[in-house]
Amino acid sequence: MEWNSAEKRVKELQDLLNKYNYEYHVLDKPSVTDAEYDQLLRELIKLEEEYPSLKSADSPSQRVGGAVLDSFEKVQHRTSMLSLGNAFNEEDLRDFDRKVRQAVGEEFSYVCELKIDGLAVSLRYENGLLAQGATRGDGTIGEDITKNLKTIRSIPLKISEPLSIEVRGEAFMPKGSFGALNKVKEEKGEEPFANPRNAAAGSLRQLDPKIAASRNLDIFLYAIADVGDTEIESHSEGLDRLEELGFKTNKERKRCENIEEVIQYVEEWTTRRPDLSYDIDGIVIKVDSLDQQEELGTTAKSPRWAIAYKFPAEEVVTVLRDIELSVGRTGVVTPTAILDPVRVAGTTVQRASLHNEDLIREKDIKIGDHVVIKKAGDIIPEVVNVLEDRRTGEEQEFLMPSHCPECESELVRLEGEVALRCINPKCPAQIREGLIHFVSRNAMNIDGLGEKVISQLFREKLIVDVADLYKLKKEQLLELERMGEKSVDNLLEAIEKSKQNSLEKLLFGLGIRHVGAKAAKTLAQQFNTIDKLAKATKEELTAINEIGDKMADAVVAYFENEEVQELLIELKQVGVNLEYKGPKLVAVDEIDSYFAGKTVVLTGKMEQLGRNEAKEKIEASGGKVTGSVSKKTDLVIAGEDAGSKLTKAQQLEIEVWDEAKLLEELNR
Ligand code: IVH
């Protein structure tokens, strides 16, 4: 075929197939048979192979999955992907409603949606084309799984307008595909997936996109991430807008005017849940108005304007055979129930944490009891209660030991605590658990160093403290069980990479008492280097808003310890970064700028700066840029074609500038 006619035909086929895709997978209204679709797709793939320059980013041929990747790149989310607070019953829902009403008054609506049981993903479009798709990860940094996401037919490779926009949704595996997949797996003698969520997550985490392509995944989009840059005023408008752009949204959503209607919706779907072709694990309830969402704000982890109602977990009965003890990183001794293996919520459960002695007494748990088990949050097995009427008299009471099961030093119960602790700082169990914590995701995040490898390294005395991790040699690692050349190389690379982490990861990893991931970040941001933090006094520490007495004492005590000081020297020697690398903290009152401490809304088109740039500049000058105009807004910058936000600003008599004035002030 001539190049010219090939170009024309390829374009034609791409458009046609994209249209058929949309009709079939988004609208659920196919206009051609699968056979016709496949034939056209084959024709397209053949032509694109002949003329590779005609292959475009939005070509439907991309959906079959291309080359295998080595690893996934990390992606920093432009706005963080929060999770939701949970409600487990009507009372929790009414509680949530009360708080919403306290904050915004009586005039508001909710939108209820099904909580799809899959995994959250973020899709970024540049000029209308799908540019990147990522997992949620820790909410701030996810993984680039674009190639796998492109295989999901209901994800448009191109949206109906040439916009640059980021959208969020839940990728999932429909029940039918899940059943079929597990059947094949079982026939092959492979371990089946526990549930559709794991199957979806497992499929999207494959480095070979052809696997994802074979898994029949689907998606519902539920939010525009950068909605602040649009004229949209409510969550429901956002969902309508998503549909206009060609995205698949879930149709079962409903606007509810009050909590009674919400509860009715929850009850309705508790009954109808089995009839759906996909799994849901609850209902998400969101305040509709974006202004009101903003008024309610968010906590560190989740928005105050939304909540997830979780369906009650499946419960099963089994026998508790024994109670085992383990010593944690902080010396706490935790009893664990050893159970007769039992299937619950998709996996076989053999152990359940009993947390502490008080809980064993409270629930009157004895060895040999029949117990009811469920998975809290569908993940963590727990003993709900004992079936007393099934006792035979043979059951045995369990007594906590007086000495540490690992190092035999005497256990103590600290004042005000329910836990028993081993307070021997040299207790091997504590050291091992501390090492496991050090490499975990929110700490130094060293891929390939799980509990098993650490335990082995520790047992073989290859590591005693965290600095030793950085002294491991290839030959030593090759000696370990199940460690090949390739995994050793990967591991060493991951260890090397972790040296560059910003200070907060190290601080959290060191396991200073009372210092969680968030406090670690605050400390890193405030003190910048570990040396400065190590010299901080209690007064300097408690002067920081989020640091209380208990934490300050713990930090001071930690750095006074001589062994800690030696450890820091060692870490420095092996090349671990001891400085904070994140955004700098500048006290608002130290910034000499008009914008310092002001809340600014950008609306309309910016000719010279562009929205993102304008936002960055205002923020760098100490201002806060938000998405919607409210009483709290100090200033609105209205570009070309500004709409309802400008009108609202005028109604509320808020100061309005044009872009020229903004530039003038920024360049002053
Ligand atoms: S909204 C800030 N809507 O549930 C609000 N989430 O913890 C972000 N999910 O991570 C979530 N269906 O993976 C929202 N209709 C829905 C959802 C939904 C499922 C998942 C999502 C999120 C988790 C909530």
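Every residue gets a Cβ built from N, Cα and C, even glycine.
Taken straight from TrEMBL:
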ACT_SITE  Lys115  active site, N6-AMP-lysine intermediate
BINDING   Asp34, Ala35, Glu36, Tyr37, Asp38, Ser83, Leu84, Glu113, Arg136, Glu170, Lys286, Lys310  NAD(+) binding site
BINDING   Cys404, Cys407, Cys422, Cys427  Zn(2+) binding site
COILED    3-57  coiled coil
DOMAIN    590-668  domain 'BRCT'
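Taken as a whole, the coiled coil (3-57) shows an average pLDDT of 92 in this prediction. Ranked by how many other Cβ atoms sit within 10 Å of their Cβ, the binding-site residues Cys404, Cys407, Cys427 place Cys407 at the bottom. Lys115 (active site, N6-AMP-lysine intermediate) and Leu84 (NAD(+) binding site) are 11 Å apart (CA-CA, integer value).
A 10 Å cutoff on Cβ-Cβ distances gives Cys422 (Zn(2+) binding site) a total of 24 other Cβ atoms nearby, all chains included. According to DSSP, Glu36 (NAD(+) binding site) is assigned to a helical segment. Proximity of the recorded positions (Asp34, Leu84, Lys115, Cys427) to ligand 1: a Cβ under 6 Å from the molecule is found for Leu84, Lys115. Of all the recorded positions in the list Lys115, Cys404, Cys407, Cys422, Cys427, the shortest Cα-Cα distance to Asp34 (NAD(+) binding site) is found for Lys115. Other Cβ atoms within 10 Å of the Cβ of Glu36 (NAD(+) binding site), summed over all protein chains shown, number 12.
Among the recorded positions listed here, namely Glu36, Asp38, Lys115, Arg136, Arg136 has its C-alpha nearest to that of Cys404 (Zn(2+) binding site).
Counting only residues at least six positions away in the same chain, the Cβ atoms of Tyr110, Val111, Cys112, Glu113, His235, Gln293, Trp305, Ala306 sit under 8 Å from the Cβ of Lys286 (NAD(+) binding site). Nearest Cα neighbour of Lys115 (active site, N6-AMP-lysine intermediate) among the listed binding-site residues (Asp38, Arg136, Cys407, Cys427): Arg136.
Cys427 (Zn(2+) binding site) carries neither a helix nor a strand DSSP state and counts as coil. Per DSSP, the domain 'BRCT' (590-668) is made up of 27 helix, 17 strand, 35 coil. Summary of the Zn(2+) site environment: with the site residues Cys404, Cys407, Cys422, Cys427 set aside, the chain residues having Cβ atoms within 8 Å of the Cβ mean position are Val327, Gly331, Pro405, Glu406, Glu408, Ser409, Leu411, Asn424, Pro428, Ala429, Gln430. Sequence-distant contacts of Arg136 (NAD(+) binding site), defined as residues of its own chain at least six apart whose C-beta falls under 8 angstroms from its C-beta, comprise Met81, Leu119, Ala120, Val121, Ser122, Gly142. Secondary structure from DSSP puts Arg136 (NAD(+) binding site) in coil. Distance noted between the C-alpha atoms of Glu36 (NAD(+) binding site) and Cys422 (Zn(2+) binding site) is 69 Å.
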